[in-house]
Amino acid sequence: MRSVTPHFPPLPALRDFIYMYRMDADRTLSQNYLMDMNLTRKMVRRAGDVTNAFVVEVGPGPGGITRAILEQPCRRLDVVEIDKQFLMPLKHLGNHSMGRMNVHRADVLKFDFEQVWTDAGAVKCSWVEEHPNFHIIGNLPFHISTPLVIKMMRQMSIRRGPFVFGRVPLTFTLQSEVARRVVGEPCSEFRSRIGVTCQNQTVPRILFNVPGKCFTPRPDIDVCVVQFLPRLEPLIPTAYIVVDKVFRTLFHYKRRFLGKAVQLLYPRAVALEMGHHLLKHTGIDQEELITRLGMDELAAITLCYQNQCLETPGLFHFDFRHPVTLDVLAEQFSDDPFPPKYSKPTIELEQIDNEGMTMKQFPNLF
């Protein structure tokens, strides 16, 4: 298919545009605008080739990144904005987009990416295709960045949401501290639960840094542009909910030696015995720290724990924050003894809902 030649007519400068529509950043929504078009164009370039691509922009605000995308020959751009003050200026941009742009007033944590692209007639790509013709880009408000990234990881694990269409790359702005945790290596001070969760599903990389002074209003911290490239297969070949259970538990006390930390996976009556078995089976020192482990070692722990759950009714449903005996758990979850194993993309593992999520649902991510 021939690319669409963008013909984006002259528009008022972005600062004038903001003044014209009396737009004002809402600090309760963590809004910070990127005003420098050189930076917004750089972000779009580094996101990858958007020629003839279906693009969703998250949190466009006054439209700085939106303009940079429309300057490129994308096939379709859908922008998702919850703040009504931006709807008219975004529609103004849409009127000059040759019909390529659509504006959605919605909470991105509830937004149905799959439905939008399906309605647009987008053709699904094979999961093995390395460069699908789809992109999700956004200057994320700080308060939704972590919940959105985690939701994307969950949907990616079962090929739902936007990932029905293939290995869709994500290019987001994140707070510098969060970005460094996302890419944190073993033994690094930035090694964290959110990092190993993202690294299991994707290859995350920091594309470039953006000083806080480049935003309006200026935040107190700097920002990084981070890209998440979905892996062909996760590094740990099991269901996301199993991986998440192990990571959530072990990173809860990440400064504890593993000999103590792994015991949180089990009821007190069997914790010492089963924890010892897990570390002996995986060959990991009980005086090691979770933050010093690589993905291979995390995989060994997760898969060994999965086998223990398969052999021990009710074990997977144990939560150290609300301790219950195995007998009670086995009876309570007799119809749901253990979550499904990891399967290939053609098998549907679980239904991910489209409900919005808050930070309270993501404790101990850091």
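Cβ coordinates are placed from backbone N, Cα and C, and glycine is handled just like the others.
Summary of the site annotation: TrEMBL records S-adenosyl-L-methionine binding at Asn32, Leu34, Gly59, Glu81, Asp107. Screening the candidates Asn95, Asn133, Asn139 against this entry identifies Asn139 as the one listed for that site. Among Asn32, Leu34, Gly59, Glu81, Asp107, Asn139, the residues given in the record as binding S-adenosyl-L-methionine, the maximal Cα to Cα distance rounds to 20 Å. Around the Cβ of Asn139 (S-adenosyl-L-methionine binding site), 26 further Cβ atoms fall within 10 Å across all displayed protein chains.
Mean pLDDT for the domain 'Ribosomal RNA adenine methylase transferase N-terminal' (39-232) in the predicted structure: 95.
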